[in-house]
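Report on the following structure.
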Amino acid sequence: MSSTTSSSSTSSSTTGGGGAGGSGGAGGGGGAGGGGGAGGGGSTCTAANSQYCSNQTGTHCGYTFEYWKDNGTGCLTNTADGFNVTWSNINNLLGRKGIRPGTKNTVVNYTADYRPNGNSYMGVYGWTKGPLIEYYIVDSWGNWRPPGGEGFMGTVTSDGGTYDIYRTQRVNQPSIEGNTTFYQYWSVRKDKRSSGTITVANHFNAWASKGMNLGSLYEVSMLVEGYQSSGSANVQFSMR
């Protein structure tokens with residue numbers, strides 16, 4: 001999910017039309033995708049909260065963030081322990097915050113007050129290069145469970161829950177390497193939750209065991225995305 005602009009890309013290939021160069025489903029979010037290189041959040045961040053109601057990328061408290069929408073009303077607020085995002089009658093919107101490039105051993109601890117009204121999802125998100133892969137580890141969603149059942153590959157049990165694994169493909173769509181064709185890898189929790197731990201390596205290893213190989217990490221981010229919906233999310237997280 002991301003945009004046609006500088007270095008981010010697009011999202012799911014399922015239902016819905018997608019945003020700027022975007023994908024279907026909840027996804028297709030856009031975004032400049034810039035602001036790279038942050039190495040992870042500090043435990044004693046004293047930076048002031050910062051709010052953005054137009055598209056923006058940057059760094060805050062040691063994390064890289066991105067906020068993007070194509071139309072409608074919405075804002076992202078960076079906080080010392082995460083971010084808040086609100087949206088109303090948007091076509092496609094995303095807010096994400098994390099580490100670039102990150103490592104496969106990243107462990108995310110989070111708690112969220114996540115209130116989607118319509119099509120949305122929340123979880124860990126990122127890209128790899130060589131091969132180019134867009135990946136999702138989804139812990140909760142709105143009225144549609146991504147990616148819609150296409151490309152089921154099996155399951156993985158991690159952090160107290162079972163996730164369905166999917167592989168989908170995007171054809172000639174925006175990515176961090178421009179418009180091209182690439183696979184998306186998904187782990188989608190069977191039961192929704194709004195707090196817990198996501199051990200990224202467990203999913204990467206499960207995907208590899210099914211021939212779903214990854215390249216060099218480009219980012220590991222906590223993501224909230226909405227598609228033709230309204231909602232809000234207050235996400236507190238840490239990555240180690």
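Placed from the backbone N, Cα and C atoms, the Cβ positions cover glycine too.
A TrEMBL annotation is a machine prediction, not a hand-curated record.
Here is what TrEMBL records for this protein:
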ACT_SITE  Glu134  active site, nucleophile
ACT_SITE  Glu225  active site, proton donor
COMPBIAS  1-14  compositional bias 'Low complexity'
COMPBIAS  15-33  compositional bias 'Gly residues'
DOMAIN    51-238  domain 'GH11'
REGION    1-33  region 'Disordered'
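Counting other CB atoms no more than 10 Å from each candidate's CB, the active-site residues Glu134, Glu225 peak at Glu225. It is 14 Å from the Cα atom of Glu134 (active site, nucleophile) to that of the residue listed as 'active site, proton donor'.
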